[in-house]
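Engineer: I have a structure here, written as structure tokens, and I will follow up with some questions on it.
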Amino acid sequence: MAKVTSTKRKQRNGVVATPAPRSDSEGEDVRDDLKLDEESEEESPLSSDAEEGSEDRSDVEEGSDDDNEDGDEDDISNAIRSLLRGNGAEKSDDSDADDSDYEVGSDSDGSGAELEESDDEEGGSDSEEDGAGPAEENGHAKESVEGSELDDKNVAAAPEGNENGNTKGVEESDSEDDGDLNPRNTVGDVPLEWYRDEKHIGYDRDGKKIIKKGRKDQLDAFLSRADDSKDWRKLYDEYNDEEIILTKDEVDMIRRLREGRTPHADVNPYEEYTDWFEWEDKGHPLSNAPEPKRRFIPSKWEAKKVVKLVRALRKGWISLEKPKEKPKYYMLWGDDLQTADKTANGLAYIPPPKTKLPGHDESYNPPEEYIPTQEEINSYQLMYEEDRPKFIPQKFDSLRKVPAYADFIKERFERCLDLYLCPRTRKKRINIDPESLVPKLPKPKDLQPFPTTFYLEYRGHTATVSSLSSSPSGEWLASGSYDGSVRLWEVQTGRCRKVWAMGSPVKHIAWNPNPQISILAIAVEQDVVLVNTGVGLEEEEANLVTLLSLVKKPKSDDEETPLGKWKHDEELKGLRLRHQHVVYSVAWHYKGDYFVTVAPDDILSSGLPPIALSVLVHQLSKQQSQNPFRKHHGRVVRVLFHPSRPFMFLATKIHVRVYNLAKQQLSKKLITSLHEISDMAIHPGGDNLIVGSKEAKLAWFDIDLSTKPYKTLRNHSMDIRGVAYHNTYPLFATCSDDSTAHVFHGMVYSDLLQNPLIVPVKVLRGHTKGIYSCEFHPKQPWLFTAGGDEVIRLYCN
């Protein structure tokens with residue numbers, strides 16, 4: 001508790017009143033007298049503030065002389081004011097005239113005042129028990145006034161004293177004119193827009209113009225922020241045209257205001273309330289006056305007002321507004337009982353789709369990788385119109401050299417047509433977990449075996465290897481090349497056993513699927529050559545010699561135009577079947593007696609009506625040829641026999657048709673949705689089909705399910721050249737011009753209610769050029785690939 005000692009220098013009638021020592025009971029009476037009687041109206045506001053800021057009321061010793069009672073009360077009030085000035089609660093220059101008799105920090109002798117701090121209240125109470133000391137020799141009376149105990153927050157908030165020991169209080173004001181005590185600009189509240197076109201912003205106190213300062217541009221402001229770390233504290237005062245630097249306390253005050261707290265950290269808005277007034281008899285309210293009678297009597301004025309309103313309503317002077325009836329709408333083409341919803345006043349506005357933003361390729365100076373070469377520009381002409389790029393990037397030195405866009409009017413016109421004619425619909429988005437849309441496929445390691453590793457190379461061809469075919473036993477592999485040769489390889493060792501020189505590029509080869517007939521069919525230009533591979537048993541070889549010998553047939557008068565000419569080739573020791581146009585593919589029937597050839601340009605140009613001879617079926621045992629079709633709907637690409645039933649699959653560029661050979665009629669027409677088919681393969685079960693296209697797409701057909709693709713895959717980046725099924729394992733593969741071969745797991749279930757399972761398992765690489773053909777080993781999960789790099793590669797598991 002702080003204790004302040006002051007000297008009373010006021011004399012009354014020339015006599016110094018010296019207070020006598022008092023007992024504890026008298027001190028308690030004094031404290032009771034200082035509780036400020038409730039009915040007294042002469043209580044000083046400063047004394048009440050002192051009582052509110054202290055935890056215990058101060059004890060003031062008062063003389064017993066009745067003549068000095070008024071003077072003692074003034075002394076107590078002045079002492080409390082001095083105490084408050086010491087704690088910064090009141091400004092020193094606002095004190096009354098009576099306060100001049102009390103100086104905080106100085107005595108009449110000129111010595112400094114003694115300011116003591118006690119650790120607890122017991123120190124102050126002991127001084128009272130000891131009693132007041134004797135009077136001083138100079139006749140001046142000395143009184144001890146114990147100040148109230150301030151809490152820690154008020155003590156911390158009190159400002160520091162000056163050199164003389166005096167404490168300067170803080171003046172607070174709520175006036176709106178105290179914002180700037182010394183403004184530089186004296187124009188008042190005049191809008192600064194009036195000075196927008198002037199060179200000055202106002203006038204100072206001397207009446208001189210305040211010239212505008214040059215503002216920093218963005219670059220100078222950026223450099224200032226980079227050089228000065230405290231630049232963020234600067235604010236521009238537009239009124240005075242100067243920069244203000246915020247102090248640390250102001251920044252802290254702003255931060256507290258933004259956080260929703262009080263500006264000053266010393267203020268506690270949630271401080272516990274202390275009731276400074278304690279009443280002895282608390283049974284009555286502060287005001288015990290009875291309620292007035294007017295609160296229990298109905299208001300006469302309100303009664304008159306109600307009577308006037310009722311009279312006005314009866315006479316029609318006041319009319320109540322009736323609710324307006326909303327118009328009812330009905331459906332123009334709906335039933336009479338149907339009515340439109342009240343909220344459906346019209347169609348909801350649907351914003352048009354935004355135009356596509358230009359990319360890097362549409363820049364006037366695009367990167368080099370965006371500029372196509374002349375070969376790429378020429379290749380664009382071979383693409384389909386929807387796949388062809390609509391804009392070819394060009395490079396210019398500057399923007400002013402860019403010519404006008406030729407298709408601008410066309411694109412704007414098409415855009416306007418879309419906005420005017422195309423109906424708009426709002427798509428409803430459904431919140432679906434993306435993981436649930438991805439099919440749960442088994443892991444590839446659980447689907448083994450399948451070819452994964454490169455094992456062996458077969459070298460010997462000097463040009464692109466166009467076709468591959470393996471023997472039914474899997475011991476031998478035949479390959480045809482554009483160098484005009486057909487080679488027979490031993491699969492295990494890679495040894496080339498036999499070479500047939502055909503003299504022209506080989507388009508396609510096919511090994512007879514019958515194990516007892518080891519004959520190889522080779523498509524060379526307009527001929528199909530049947531040669532004996534010589535890998536069969538001795539008994540089989542004797543039968544093959546008889547089978548490949550020319551059969552003499554009597555000439556028929558009805559046969560005006562032969563479909564094919566059968567000849568015996570002495571050099572190759574086989575048969576040569578001559579067609580009228582180039583043969584592109586050959587396929588055997590599963591029994592090994594029939595084979596079919598495809599010559600897309602084979603149309604007779606005689607005087608007779610044109611007959612489609614693109615597809616011919618030949619019988620080896622009778623050496624006869626026949627044309628099963630009268631016409632074709634498009635260019636034929638590939639023809640295959642069903643592996644177990646009398647059906648034939650004919651693939652054109654767009655569709656695949658399935659014909660029943662027994663009934664001689666069309667069974668099904670498969671819609672591929674592909675631009676151009678390149679190859680086709682049939683599952684050993686005969687109910688599934690895969691089709692590869694030159695647009696790098698693969699279509700899987702479940703013939704029993706639908707005529708549309710069950711799955712459409714696009715794993716390659718370039719044209720697909722060949723597709724193949726494995727005879728025993730649930731595998732199929734595709735090869736492409738991108739020098740890769742993709743292996744898939746394709747499980748077909750016997751249960752018709754369960755769809756096939758298709759899982760990509762491996763991508764085989766190794767060829768330096770495009771792969772033209774792929775062939776599975778008939779018994780092992782191995783894959784043969786042949787490409788433009790003149791090499792045949794074997795991949796094993």
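For all residues, glycine too, the Cβ spot is worked out from N, Cα and C.
Caution: TrEMBL annotation is automatic and unverified by curators.
Quick paste of what TrEMBL says about this protein:
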type	residues	note
COMPBIAS	1-12	compositional bias 'Basic residues'
REGION	1-192	region 'Disordered'
COMPBIAS	26-76	compositional bias 'Acidic residues'
COMPBIAS	95-106	compositional bias 'Acidic residues'
COMPBIAS	114-131	compositional bias 'Acidic residues'
COMPBIAS	137-154	compositional bias 'Basic and acidic residues'
DOMAIN	195-451	domain 'BOP1 N-terminal'
REPEAT	458-499	repeat 'WD'
REPEAT	764-797	repeat 'WD'
Engineer: With Cβ-Cβ distances below 8 Å as the criterion, list the same-chain residues six or more beyond the ends of the repeat 'WD' (764-797) that contact it, or say none.
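Structural biologist: Residues 448-459, 461-474, 477, 479, 481, 489, 491, 718, 721-729, 731, 733-743.
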Engineer: Which residue counts does DSSP give the repeat 'WD' (764-797) for helix, strand and coil?
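Structural biologist: Its residues divide into 0 helix, 19 strand, 15 coil.
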Engineer: Quick one: average pLDDT across the repeat 'WD' (458-499), no decimals.
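Structural biologist: Summarising the repeat 'WD' (458-499) by its mean pLDDT gives 91.
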Engineer: Please list the DSSP helix, strand and coil residue counts for the repeat 'WD' (458-499).
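Structural biologist: Secondary-structure composition of the repeat 'WD' (458-499): 0 helix, 24 strand, 18 coil.
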